[in-house]
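Per Swiss-Prot, the features are as follows:
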{"type": "DISULFID", "residues": "CYS8-CYS28", "note": "disulfide bond"}
{"type": "DISULFID", "residues": "CYS13-CYS33", "note": "disulfide bond"}
{"type": "DISULFID", "residues": "CYS17-CYS35", "note": "disulfide bond"}
{"type": "MOD_RES", "residues": "GLN1", "note": "pyrrolidone carboxylic acid"}
{"type": "SITE", "residues": "LYS6", "note": "site 'Hot spot basic residue in hERG blocking currents'"}
{"type": "SITE", "residues": "ARG18", "note": "site 'Hot spot basic residue in hERG blocking currents'"}
{"type": "SITE", "residues": "ARG19", "note": "site 'Hot spot basic residue in hERG blocking currents'"}
{"type": "SITE", "residues": "LYS27", "note": "site 'Basic residue of the functional dyad'"}
{"type": "SITE", "residues": "TYR36", "note": "site 'Aromatic residue of the functional dyad'"}
Amino acid sequence: QNETNKKCQGGSCASVCRRVIGVAAGKCINGRCVCYP
């Protein structure tokens, strides 16, 4: 998993994860986007 410092408030992390790891897979944990390659 790849934890980012991008805050997420009930929104999707897909766009963030697509930028970070190239795959729109992730979820919001403790207010941060965590991406799963």
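Residue positions begin at 1 at the first shown residue.
Backbone N, Cα and C define each Cβ position, glycine as well.
DSSP assigns CYS17 (disulfide bond) to a helix. Taking CA atoms as the reference points, ARG18 (site 'Hot spot basic residue in hERG blocking currents') and CYS8 (disulfide bond) are 15 Å apart. The DSSP secondary structure for LYS27 (site 'Basic residue of the functional dyad') is strand.
Using CA atoms as reference points, the recorded positions LYS6, CYS13, CYS17, ARG19, TYR36 were checked against CYS28 (disulfide bond), and the closest is CYS13. Distance from the CA of CYS33 (disulfide bond) to the CA of LYS27 (site 'Basic residue of the functional dyad') is 6 Å. Other Cβ atoms within 10 Å of the Cβ of ARG18 (site 'Hot spot basic residue in hERG blocking currents'), summed over all protein chains shown, number 14. In terms of C-alpha distance, the listed recorded positions CYS13, CYS33, TYR36 place TYR36 closest to GLN1 (pyrrolidone carboxylic acid). Considering only the recorded positions LYS6, ARG19, CYS28, the Cβ with the fewest other Cβ atoms within 10 Å is that of ARG19.
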